[in-house]
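If you check TrEMBL, you get these features:
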- 15-312: domain 'DUS-like FMN-binding' (DOMAIN)
- 73, 142, 171, 226, 227: FMN binding site (BINDING)
- 103: active site, proton donor (ACT_SITE)
Ligand SMILES: Cc1cc2nc3c(=O)[nH]c(=O)nc-3n(C[C@H](O)[C@H](O)[C@H](O)COP(=O)(O)O)c2cc1C
């Protein structure tokens, strides 16, 4: 359990999930200004069979959300290149390396990486084991529950454990299920019974009650949250507060700073229109949090300010009202 230390009041270790696209570096850095999570995971770096590892590796920046640690996630199936990439991540200061065994994208699975590893537990073992042997830092793996179905679930879990990894994170949906049906938390419970290494539970935690229920129903050792943090960037603080026996009231200043940091990371030269649209994309998720916000969604997302500063001046007070900010 050393890698997943509990917080005060018994609150489990909380991890911000990797989310390519939506939860990119801008989002992670903005999230770090709000804080509340114990570790982040960079979205996957794909290591194709013709990869030039040094030029790929520079895309991982260990200090991106410092002082919060950021794990490096890699995806691929060429054992030598994956080992080389793991070493490069270690040299760049990664606190741990996570093997992606879940990405459902066809361009990825076509090459035998990501969720394709779930079709062949022996090969999954070999890839994970190549990483474990290559570095001194902990290696972990993030798995879906299967490729087409869960028939190899146990084999995959045991293969991952036998490779020598430190823990698994389980998002209990198959590749075929995509994001359709609810995550099958029963499989997290099953993994807990099956494995000696810790299991991080992931999938469909959208609020504090979901977090408590997952812990209770599965006995998992730590929690990873993805979409729930885009819908509510304060979710980690809210979970911690519940363990401390209090309620968390988000502050207006935090929200302003969150968007300020997000916008400031956009390169100079990016058209104002693009900046406005990117902020609107992020706000589109925030509106899913509650009814009051949903009723404002249309007017905010169709507002026609052409300059991002003006748009934020218009949108943030409305957002604050809907989120009941202090
Ligand atoms: C837009 C998006 C991008 C994602 N990118 C990654 C990724 O790069 N690596 C990964 O392991 N999982 C990725 N995932 C899966 C999430 O990390 C997580 O397992 C999944 O969303 C379920 O958790 P949640 O219900 O808390 O969002 C992605 C999910 C989304 C929605």
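We number each residue from 1, going along the chain as drawn.
Backbone N, Cα and C atoms are what each Cβ position is placed from, and that goes for glycine too.
TrEMBL annotations: computationally assigned, not manually curated.
Positions of the features from TrEMBL, shown on the structure.
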residue	record	DSSP class
73	FMN binding site	strand
103	active site, proton donor	coil
142	FMN binding site	strand
171	FMN binding site	strand
226	FMN binding site	coil
Listed binding-site residues (142, 171, 227), ranked by Cβ neighbours within 10 Å, top entry: 142
Diameter of the FMN binding set by C-alpha atoms, the set being 73, 142, 171, 226, 227, in angstrom: 18
For the recorded positions 103, 226, the one whose C-beta sees the most other C-beta atoms within 10 angstroms: 103
Segment-level pLDDT (mean, integer) for the domain 'DUS-like FMN-binding' (15-312): 94
Neighbouring C-beta atoms (10 Å sphere around the C-beta of residue 73 (FMN binding site)): 26
Rounded inter-Cα distance in Å - residue 227 (FMN binding site), residue 103 (active site, proton donor): 15
The residue listed as 'active site, proton donor' and residue 171 (FMN binding site), Cα-Cα, nearest whole angstrom: 11
Inter-residue C-alpha distance, residue 73 (FMN binding site) and residue 103 (active site, proton donor) (nearest angstrom): 11
Distance, residue 226 (FMN binding site) to residue 103 (active site, proton donor) (CA atoms, angstrom): 14
